[in-house]
Amino acid sequence: MTQVDLEPRYVVGIVCFIGLISAPFLLPILTLRQLTAALFLGMFAMSWDYVSGYTGQLSFGHSMFFGIGGYTAAVLNLELGLTPVLAILVGTIAAGIAGLAVGFPALRLEGPYLALITLIAPLVLVQIVNIFPGTLGGDAGLPSPAGLVSVDEPIGILSTIGFETVFVHETIVYYYLALALFLAIYALFYVFTRSYVGSIFTAIHEDEDAVRSVGINAAKFKVFAFTMSGTVGGLAGAAFVHTAGEPNPGEILSIVVSIEVVLVSILGGMGTITGPAAAGIVYYFVRDALQTSSLTIPVLDATVGHISMALFFAIALLVLFFLPKGALPWVTEWSRDILERRSQRSESPS
Amino acid sequence: MSTHTTQSAHDEAQTTDILRLEDVTKQFGNVTAVDNLSFSVSEREILGFIGPNGAGKSTTFDCVSGTMAPTDGEIYYRGENVTGVPQHALVEKGIARTYQTFRPLNDRTVLENIALSQMPNSLFSFADFRADTEQRAREICEQVGLGDVVDQTPDELPHAGMLRLEIGRALGTDPDLLLVDEPFAGLTSDEIDRTADLFTSLREGGMTLVVIDHNMHGLLDLVDRVIVISFGEKIAEGTPAEIRDDPTVQEAYLGGEI
């Protein structure tokens, strides 16, 4: 037998990768737009997981980083006419500085105190946005800044393979930009968390004294985790407003965004990067499916769409209750069990 | 004042002392846990550090290892003032400690627990490409007697195994001075002997050890010298035999077993 033995998780990974790459050829164009936004939710969730899932420094206000990145980039582009690339760069740096600014007080705060501080910080930002509705758009948000890549006329190669209209072309270009960023961020976090740095992060989560006692500066690693998480979260937020989304509080700044990112990460599996990344995409579509469903519930006499959020969070509660470690660790364990049983069965006759 | 010896004797002491505490005081609010404590540890010595429960032994360790800074006084390591230097920096200088309440990482195997001590204290490093770190972690496991259980998790280990894990992780930092906090509590006499043998072999390899215990049980044959503290103050210092016969020490233990 010259069969190449590939671990199942790599097979799943390759299938998902091919699926994402070929999505524009498989999905209706509006679904592709949604998938673009879903990829950003995955990126937001990964950035949360990197600091909270790994080091255990719980943040309940990660939208501050997405918001600082997104709003900084949007305002610089709209008000000062900075090019999108430059605006995104500055937004990313601003969010990174915010990460550093949160990381230091986080050293002295633990558990509920840190959670509360991070929870309040984006609330202040939301208020600031409301105080300056002229520059920051207030509750309704700002108009979309210039696209990261301007698609003003049809792109030749896309027309020849059957895609029509500028709208469709723009959607496809933005999708691939988002996908490239998604994969880059995934690869970056994957490399870091699977290296000794990830091992130190989880050791900090387990017992900081143990980490310090072997000569590792735990504080340095904790601040680094917050800074890098903030930087990447800001990058995702800034890229979001220049592609798939708009700079408004509901999308990148409000408390609901922060809570959703925590929920996505826990549902997907904290401390795995892959879990939150995948769960972000699934979460987006499940939420959307519930919101747009016109199925009527007999007794309540209401449509599913009408009570979608109640239903949605009830489902989330059930998943949390039955799969406390999250979906990915559960699937991994379950598939390992099946493989073991199968290999036992194939061994027993011989 | 016995601390003020002649200058020449002082200089001589400085060259052979690996560790010296001068009037170290640690206060928590109004409570003085360590009170004007001065002592020194010679190179390649095994020093017993005993005292009744609550005497301030672990707090002294906390100050020396950099877990917390003393309120007052100075700590010298190889002649260098290291008062208030953070723990991770002291580990790099060669001071390692174990904790009385063990600090295992329950999310990983024994080998991975020990491997933590081989990780670089820098954010960007190619340490993962060095094959020798795992090899070194395995050697340490063998050295402390965990060679057969490298793939178990800490919660599967017996009490003595947890102690070995704690010592192994400290050894992984290649210390010159090892502070061991109450290793013999809860061990059988057989396990005490084996642990004492390990300490003796470490000293033969050039290490200096300070070992805390609340009584003299495990220390008698092991240590060269004993320091006794009570209520944060040094009340006696001498060879194990001298300490056993010291009336002040017997009083501190209120007639209990020394």
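Using N, Cα and C of the backbone, Cβ positions are placed for all residues, glycine too.
Bear in mind that the values here come from a model prediction, so they are computed numbers and not experimental data.
What TrEMBL says about this one:
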TRANSMEM  A:12-29  transmembrane segment
TRANSMEM  A:58-78  transmembrane segment
TRANSMEM  A:84-106  transmembrane segment
TRANSMEM  A:113-132  transmembrane segment
TRANSMEM  A:173-192  transmembrane segment
TRANSMEM  A:221-241  transmembrane segment
TRANSMEM  A:261-286  transmembrane segment
TRANSMEM  A:298-323  transmembrane segment
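Looking at which of A:12-29, A:84-106, A:261-286 has the most CB pairs under 8 Å to the transmembrane segment (A:221-241), the answer is the stretch A:84-106. Non-local neighbours of the transmembrane segment (A:12-29) in the same chain are 35, 163, 167-168, 171-172, 175-176, 179, 183, 278; each lies 6+ residues outside the stretch with a CB under 8 Å from one of its CB atoms. Within the same chain, residues 57-64, 67-68, 71, 102, 105-106, 138-139, 249, 253-255, 258 sit at least 6 positions outside the transmembrane segment (A:113-132) and bring their C-beta atoms closer than 8 Å to a C-beta of that stretch. Outside the transmembrane segment (A:298-323), and at least 6 residues removed from its termini, the chain residues within Cβ reach (under 8 Å) are 263, 266-267, 286-287, 290-292, 330. Using a Cβ-Cβ cut-off under 8 Å and counting only residues 6 or more beyond its ends in the same chain, the transmembrane segment (A:173-192) has close neighbours at 17, 20-21, 23-24, 32-33, 35-36, 39-40, 42-43, 46-47, 49-50, 147-149, 151, 155, 198, 228, 232, 235-236, 239, 243-244, 273-274, 277.
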